[in-house]
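Enquirer: My questions will all concern the structure given below.
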Amino acid sequence: MKLNIFASAILLCTSAFPVAASRLDKPYTEVYRPQYHFSPKENWMNDPNGLVYDTDEGIYHIYFQYNPGGTTWGAMSWGHATSRDLMHWTEHPVALRARGFPDNITEMFFSGTVVVDESNTSGFGRKGKVPWVAIYTSYYPMEQVLPSGKRVRKDQQAQSIAYSLDKGMTWTTYDAANPVIAEPPAPYHDQHLEFRDPSVFWHVETSRWVAVVSLAKLHKILIYTSQDLKQWDWVSEFGPANAVGGVWECPSIFPLTLDGSQQDKWVLMLGLNPGGPPGTIGSGTQYIVGDFNGTTFTADADSIYDGSGPNDGMIFEDFEGDESLAARGWATTGDFINASPVRGTLSGQNAVTGFQGQQLFNTFLNGDATTGAITSAPFDITYKYINFLVGGGNDINETAIRLNVNGKTVHASTGSNDEHLTWQSWDVSSLKGQRAVIEIIDNASDGWGHINVDQICFSNTRATNQIANWLDWGPDFYAALSFNGLDRDQRTILAWMNNWQYGAAIPTDPWRSAMTVPRRLALKTIDGKPSLVQQPAGRWRTSGNHGREFSFRAVDGVRPLGRLGKALDIELTFSSNMSPSNGLGEFGVSIAATKGYQYGTRVGYDFATQQVFVDRSRSGDVSFDATFPGVYHAPLSNSANGTISLRILLDWSSVEVFGAHGEATITSQIFPGPDAVYGQLFSSGGQTRDVSLQVREIQSTWH
């Protein structure tokens, strides 16, 4: 749960796109209203909270961060909804309303968990009724003495509990003793403003309740145990590890079997804000695989990253030292004649991060107006991979690093319109023995008209651009939480489908924010290490049993598909054996596109980098925040059978992509125009073969 005050100014849409829905519209038919994702009837929503499955009644309960008084963050309370199938939802009255709402708020209810206390360890049960217990963060906006007699400071965050004797429909706060964890333990007393988001479960082997709570700014998770949910003992901590670009929030920990065997591993999920996946701006969710003994979480070595890149092979260029580019053996043109590597961020540039050592090649010398190129001395290709760090502009024709063989470009890469440098790799195994040069070009002079490059190295190991295991590589997946009460092999999560960067500005009304589709998790060995995979858990009603099917022996260029619809379940498979010209090749489908295809969302696969991508740069209304348009990538290796498969879930204002078995996912909001119901296939850089496409139109779950 993030304490965040958004800027109140929201840019209006241009006339090309619909303005926010009118409150006079029929509920759940408003412009951009999700048709099969949960969203509240009205007002602001963020983190999912207290997800629990009632095994007796067969009902899923979701609680969520909710503002009962408006469409921006504030007056944090717990909303509530239920479903029997994870698809059709009934919204209920607010479960935990901010104390003193609306005019004299003394306590807000931040994120937390609900557990079913079957053995009545808490003692809250009465007359045979099993208590449900909510464990949440209390946020106190003012110094005060509580009904329990405990004194809290202004803006303090502490952990409290409430209980329900009617299966989660109404709640009683434990005012006699709240908060039950008033402050962080002694070493961290000064962190009482950043101590939040308890996730609680019953640990069978030790017969104890376990809670994980975030020390947000320190990138630490505190682990507590309890026998009764009232008295808690701090037993260990974990962190920092992997991604630490922003605060850690919304932690949770749970077991999964590895590869469907009897071997258990434990997964720690963590929200990060900002500092999400490469190419995104704002929040994201990472995970770490390891072991848990009831008190201590120990990460697997292969689940932790140091970001240093491969340690074999040779460094071709690290841009360190005092020599000019020409003195280092680079041929220079344009503004790069007499230029030298630079020490990080230049005047007028956003912070440049992710490079190694003290220096890098940064073409922002005189701002984006700088143009030119540098070309390395020729070299023989003797290793399997060429690895490098790259950031900056995302224009393959204007701002790129290229590999040229015999005067032809065989590989090229760019940044992601982001100043953070990430690892990219070219597989040059088929080019061994040939002579090549590396060229870095900057022919662009407008926004993002620059490129950052560092640490070019030759290796037999592909570099990873990962600093973390990302649960989702898109910009709109945060605060993921799993349901308590389900069997281990049914581990199911929801996440907030929005981003703190622009969440209060998205053009929706009278509600703001939706949840992702529910996703079933599994743990599988991929590329030699345990990795989370996820698949949609719902079965939505579609138009017809098979929908529309397309089959093409080969696609080259574009192939219009006609009118497809606004809410779709798409399955796309194609051969991974494309031989792209000039080292460049993409295949995919444009969806939610206008009739003339001036606007649309591109979902596809980059054969050169082996990445699935979502491009929402021209998806519709992107005017409300400068960081909203973008292209997002997730690594997806070729399959053993030589095919790539993508499942794409399109709703009225979102797209979720699941690559292969679900090891690569991208979640992205979009806000297309009213006529954006068309689609077309695209193949650039060569032919894509053996294309199969199935499109089913999903019916609304609200009507």
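Counting starts with 1 at the first residue shown.
Every residue, even glycine, has its Cβ placed from backbone N, Cα and C.
Positions annotated as active site by Swiss-Prot, on the basis of sequence analysis: Asp47. If you look up Swiss-Prot, you'll see Asn104, Asn120, Asn293, Asn397, Asn443, Asn641 marked as N-linked glycosylation site, on the strength of sequence analysis. Annotation source Swiss-Prot lists signal peptide at 1-21, citing sequence analysis.
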Enquirer: Find, for the listed glycosylation sites Asn104, Asn120, Asn397, Asn443, the residue with the lowest Cβ contact count at a 10 Å cut-off, counting only other Cβ atoms.
Expert: Asn104
Enquirer: If you count, for each of the glycosylation sites Asn293, Asn641, the other Cβ atoms lying within 10 Å of its Cβ, which residue has the minimum?
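Expert: Looking at the glycosylation sites Asn293, Asn641, the Cβ with the fewest others within 10 Å is that of Asn641.
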Enquirer: Taking just the CA atoms, what is the gap between Asp47 (active site) and Asn104 (N-linked glycosylation site) in Å?
Expert: 24
Enquirer: If you measure from the CA of Asn443 (N-linked glycosylation site) out to 10 Å, which glycosylation sites from the list Asn104, Asn120, Asn293, Asn397, Asn641 are inside that radius?
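Expert: Checking each Cα against Asn443 (N-linked glycosylation site), the hits are Asn397.
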Enquirer: Under a three-state reduction of DSSP output, how is the residue listed as 'active site' classified: helix, strand, or coil?
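Expert: Where the residue listed as 'active site' sits, the three-state DSSP reduction gives strand.
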Enquirer: Look up Asn641 (N-linked glycosylation site) in the DSSP assignment and report helix, strand or coil.
Expert: coil
Enquirer: Could you tally the C-beta atoms, other than its own, that fall within 10 angstroms of the C-beta of Asp47 (active site)?
Expert: 28
Enquirer: Of the glycosylation sites listed here (Asn120, Asn293, Asn397, Asn641), which is spatially closest to Asn104 (N-linked glycosylation site) when Cα positions are compared?
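Expert: Ranked by Cα distance from Asn104 (N-linked glycosylation site), first place goes to Asn120.
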Enquirer: Could you measure between Asn293 (N-linked glycosylation site) and Asn120 (N-linked glycosylation site) for me? Cα positions, answer in whole angstrom.
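Expert: Here the two Cα atoms are 24 Å apart.
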